[in-house]
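> Right, I'll just put the structure down here and ask away after.
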Amino acid sequence: MTGPSRFQLIAAPVTVFGDDGELDLGATRTLFGWLHECGVDGLFTPGTTGEFTALDDDERLRVIEAALEEFGADDVIAHVGGAAARQTMRLAQAAQRAGATRLAAITPYYFPAGDEALVEYVKRVTDVSAGASVYLYVFPSRAVTTVAPEALARVAEVPGLVGAKVSGLSFAENEAYRAAVPDGFELYSGNDVDLVRLAEAGYAGVVSGVSNVFPELFVRAARAARSGQDDSELQPRIDAAVAATGAADIGLLKAGLTRRGLEAGIPRISINPPTREQLAALESSAPFESARHSL
């Protein structure tokens, strides 16, 4: 585990599509630049918030290339995971050719992988990713592959796998993973609301979808955590930001970005659009009012 002084705020940015559903790489790159200017430490892209399941392989690589151009290789975790190792391996090699040195791969999804299959999957990915730091992306509620703490400890022994990003699980469940893996294994959590606790407990960082709309708030919280500053009044604001965005609902994130003056488009995946009530709650939330005044 790392100490609070090295804790990272990694944004999980949306991917911007035009009204015709086509990838708007220019607007996506603009979003990346804005997040960089706001002070986030890096990007995890294209992940769940970036609608990776709705992107062609070529589109995924173009998004990764844009992130690398804006942040540089050290500060980009390029997500190359697919449902099967073959696609993941192909994307991993292509991302490395584009300059990526940090790769993430979601566990096999749709068909759940058992422990032996998961170890084999990770070995195949790391074998073609020599020289890169590889992270396993664990999201059981979406991927349907369940990874027990002892299974993650086993996978952590695979050479080349340096850490994991865990989403959709409680802080207590994250702690069970932390207790199981060896020292030095980097754990990132996708739970925006736990940022302060994660930093205090020695996690490598948080991968935050909500920071798309409220980067200033999350940057301030991460910096406070790194410096050991007592900034306890930020937790209620983080709670409110997470609630206002429906815990990083993609439609609400894009609506929030649009209202902050950025082109965000609409989701490509088939999800219900935000309701009027949700949009009103977002705009009237304290974090949004604060962000509006910062423009």
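Including glycine, each Cβ sits where the backbone N, Cα and C put it.
As listed in TrEMBL for this protein:
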{"type": "ACT_SITE", "residues": "TYR137", "note": "active site, proton donor/acceptor"}
{"type": "ACT_SITE", "residues": "LYS165", "note": "active site, schiff-base intermediate with substrate"}
{"type": "BINDING", "residues": "THR49, VAL207", "note": "pyruvate binding site"}
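I'm curious about the neighbourhood of these features; can you describe it?
Its Cβ taken as reference, TYR137 (active site, proton donor/acceptor) is surrounded by 26 other Cβ atoms within 10 Å in the chains shown. DSSP assigns TYR137 (active site, proton donor/acceptor) to a strand segment in the three-state reduction.
DSSP assigns LYS165 (active site, schiff-base intermediate with substrate) to a strand in the three-state reduction. Within 10 Å of the C-beta of LYS165 (active site, schiff-base intermediate with substrate) we count 26 further C-beta atoms, all protein chains included.
Every protein chain considered, the tally of other Cβ atoms within 10 Å of the Cβ of THR49 (pyruvate binding site) stands at 26.
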> How many other Cβ atoms sit within 10 Å of the Cβ of VAL207 (pyruvate binding site)?
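Around VAL207 (pyruvate binding site), other Cβ atoms within 10 Å: 29.
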> Quick one: of THR49, LYS165, VAL207, which recorded positions lie within 10 angstroms of TYR137 (active site, proton donor/acceptor), measuring between C-alpha atoms? Sequence order, please.
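Among THR49, LYS165, VAL207, the ones whose Cα sits within 10 Å of that of TYR137 (active site, proton donor/acceptor) are LYS165.
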> Distance between LYS165 (active site, schiff-base intermediate with substrate) and VAL207 (pyruvate binding site) at the Cα atoms, whole Å?
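If we compare the Cα positions of LYS165 (active site, schiff-base intermediate with substrate) and VAL207 (pyruvate binding site), the gap is 8 Å.
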